[in-house]
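Residues annotated as domain 'Acyltransferase 3' in TrEMBL: 17-398. Residues annotated as transmembrane segment in TrEMBL: 21-44, 50-74, 105-127, 154-173, 185-202, 246-263, 284-307, 313-330, 339-359, 379-401.
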Amino acid sequence: MSEEDQHQRHHTSERNPALDGIRGLAILWVFAFHAEALLLGGALDPPSNWGHALAAKGFLGVQLFFVLSGFLLARPWMQAASDGSARPSPGAFLARRAGRILPAYWLHLAVLFGLILPLLRGSYLILGTEIGWTNLALHVPLLHFLHPGSSSSLGLNMALWSLSIEAQFYLLLPLLAPLFVGQRVLLSLPIAIALALLWKHLAPTLLLDWIYLTVPPSRLVFFDPVSGQAVAFPANMMRFFLERQLPGEFMAFALGMAGANLFNRLERVTTDAQRQWHGLLDAAALVSGVLATWALITLPVMAVLAGAGWRNLGMPLFLVSCSLLILAAARRTTLIDSLFANPILAGIGLVSYSLFLWHEPILRLVAAGWLTPEPCSQPLCQVMVAFTIALLVAILSYRFAERRILFRSGK
């Protein structure tokens with residue numbers, strides 16, 4: 001879910017509040033999804049109202065983060081190609097990324113496995129098992145979503161899967177970004193979309209049996225998303241695990257990089273042409289956003305999770321909508337700026353990375369009764385308590401883990 005923060009030519013002197021607002025939207029959507037599952041009785045299908053319908057699809061907030069990462073991280077390569085300057089150094093880029101995400105992430109892991117684990121599981125015993133040390137060994141370097149046994153993070157914070165995907169993307173970005181520069185994007189983007197769709201169709205079929213036959217059963221342990229109970233890895237979740245490896249998720253990053261290419265082109269047109277483009281971007285972002293919202297309200301949850309129609313058509317169109325929204329926000333177009341640059345969304349977006357790290361374990365602690373005040377027995381009250389605590393922890397994490405590192409590194 002993390003992105004490059006300060007490689008922007010347009011409005012470089014300060015953060016872009018509209019982009020922060022989009023971060024805020026994404027993390028609120030992800031929070032709503034986990035709150036729905038852990039405190040409000042799970043996804044309702046059919047949902048009781050449009051709010052439940054959107055919350056039940058909140059896992060798509062991660063896709064919005066992926067598009068945003070592709071957009072922001074590719075910008076320096078687009079700029080270098082435009083003005084003839086040197087490309088970003090891969091080593092320096094990776095060092096910045098590590099400094100950006102690892103301190104807060106490692107702090108979170110220490111608390112997750114050191115304090116939250118015994119509260120939710122009753123002891124540290126699981127850490128002495130094969131599946132326990134496998135999780136420890138793979139989470140530290142952000143490789144946990146490459147192994148099915150560590151993909152669910154011991155049922156403590158299953159949202160961490162996306163950070164592993166992000167880290168893999170960072171490693172490959174110095175090789176991938178140049179493929180989306182200039183006219184190359186016209187070839188690279190359709191190839192990326194086709195390969196992602198091909199992976200999602202073929203990987204589960206080709207790799208499912210191979211994993212069950214080659215990985216020892218002691219390492220094929222899955223933790224139920226709601227109860228946290230350890231069970232043998234179910235086939236449907238193994239398909240989810242395979243589909244959502246980086247090749248399957250690359251479509252989102254690719255559309256983000258394509259958006260960065262278009263942003264760079266708009267930097268070079270005349271002021272009058274920019275005004276025309278801004279009007280078109282506002283209209284396109286609004287129309288596509290309304291259509292995407294309507295589709296997500298009306299579609300059943302399983303159609304979005306596993307339906308071929310959504311996979312082949314719905315998801316690509318949704319990701320295009322995300323890319324248009326991000327491009328409009330980056331350009332500070334009138335309508336999108338007025339919607340997303342408000343202080344509440346932008347403020348939440350500012351701490352969105354830390355909020356992403358902490359929200360699910362705190363929801364689980366509230367659900368287990370550890371953080372729930374006695375008068376607060378109603379689910380909605382518990383959601384508000386969980387969000388308040390998660391936001392406070394995120395602010396502290398941002399202040400003392402994220403911001404201090406960013407300040408010291410001069411970012």
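Glycine too: its Cβ is placed from the backbone N, Cα and C atoms.
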Stretch of maximal Cβ-Cβ contact with the transmembrane segment (21-44) [cut-off: under 8 Å; candidates 185-202, 284-307, 379-401]: 379-401
For the domain 'Acyltransferase 3' (17-398), the mean pLDDT of the predicted model: 93
CB contact flag for the transmembrane segment (185-202) and the transmembrane segment (246-263), at least three pairs under 8 A: yes
